C-alpha cells in the first residue's frame, strides 16, 4: 500500500532527479518515461463512498490507474478506507471473480480537506443519489472558487453518475447558485460538466467476513458520457464510453432497466415477494415486466431509430440480470421513494408520455403506475406521504398531483381503474 500524504492523495512521487542527465541515453529514456507516467497519474475525487461508488465508478477509475479519493459523510467508511487503502469487490454472474481495488483514500465531504482535493483534482465524479446531489453543490462551488483563487485554471471535468436524466447539468445549475458571479466566466471556460448514463446493479449486501468495505456487483456495467461537454482532453478510461448522442442511451436505460426494475418491484410487492429475483421468477410478473419494457421500447424505436430486434435482445438481457441468483436485491430498495419515481421525467410516467405522443399501446405501463400507488413501506417517508395523499385526495387527484398528468384525462381514468382492481 502506498502512504497517503497530508493532502489525502497517495504520497507524491519523487521529482525527476538531476542525475538522470548523466546516465546512458537508453537508460535515461527509460527512467524519463517511467517518471513521466508516474507524474501524469490522474487524481480523481469521487463523492459517495457507498456501494455504487466503491463497486462501480471508483472501481472503474482505479482500474484505469486513477488515484481515487472518496468524499463521504460516513466516518467509519472514511477511517477504513484510509487505514487499508484498498477494498474487495465480488463480481458475480455467469463467471465470478474477486477483485481488489487499491491505492484509494478518503476524506470527509463536510470538512476542509475536500476543498483541497478539488483544488488539485484532475476529475470529479459523484454517486450520491439524486436527493443528495444538491447538497454537495455548495461544497463543489467552494472548492472551485478556491481552485481558481489558487491559479489553477487547467481543465477539470465533473461527472455526476446518478439515476437521473442530465444529472450533471442539474448539478452545474446548483453550483452556479453558490459560486459568486465573478467566477462564472472562469467556470464556463475551465470546468466541464459532463452528463452521463450509468448502469450496474449494486445491491446492498451483507459483507462477507464482517468486512464493511466489501461490495458485490453484477458483471454487467455501462458508463456512457457526453463527449461534447468535456473541457480539455477526453479521459481515456476503460469502461467509460463517450458518445455524441447521450439522450438515446439515457432514455434506453431509463425506459428499460429502470422501468423494468420498478415494475418488477411494485408488482412483486403486491404479491408478497421480498427480492427482485423472487418476483421476476414468477411467470405472470415476468410476462408483465417484459410487456412494460416492450411498450417503453416502442417509444425508443420511434424516437431514436433503434433496431427493434436488437432492442428486444437488450430487454431479454435485462430480464436475465434481474434473475441473477448471486444478487440479493431487495424490493424495498428498488421501490423506495415512489414520489420521485412517479415524477413526469422518471421511469414510469416519461415512457407513458412517449406512448401517448406516438399513439402506442401502454396498458402494462398503466398497470405499473397503478401498482406504484399501492406501494407501502413504513420506513420510507415518500411511501408514507404517497399513501397520505391517496387517503386525502383520492386516487385521481393524488395521481395528477404526483405525476403532472391531467386529472380528467383518459389515461388517468384508466390507471385509476387498474388501481382499484389490483
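Cβ atoms are placed via backbone N, Cα and C, with glycine included.
Just so you know, TrEMBL annotations are computer predictions that nobody has curated.
The structure displayed is predicted, hence computed values, not measured ones.
Sequence-distant neighbours of residue 48 (NAD(+) binding site) (same chain, 6+ apart, CB under 8 A from its CB) are 70, 71, 72, 126, 127, 128, 129, 132. The annotation NAD(+) binding site is assigned in TrEMBL to 44, 45, 46, 47, 48, 49, 50, 51, 52, 53, 54, 55.
As annotated by TrEMBL, domain 'Mannitol dehydrogenase N-terminal' applies to 42-237.
According to TrEMBL, the feature domain 'Mannitol dehydrogenase C-terminal' maps to 245-422.
Reduced to three states, the DSSP call for residue 52 (NAD(+) binding site) is helix. The Cβ of residue 46 (NAD(+) binding site) lies under 8 Å from the Cβ of 53, 57, 58, 61, 68, 69, 70, 71, 124, 125, 126, 127, each of these being in the same chain and 6 or more residues away along the sequence.
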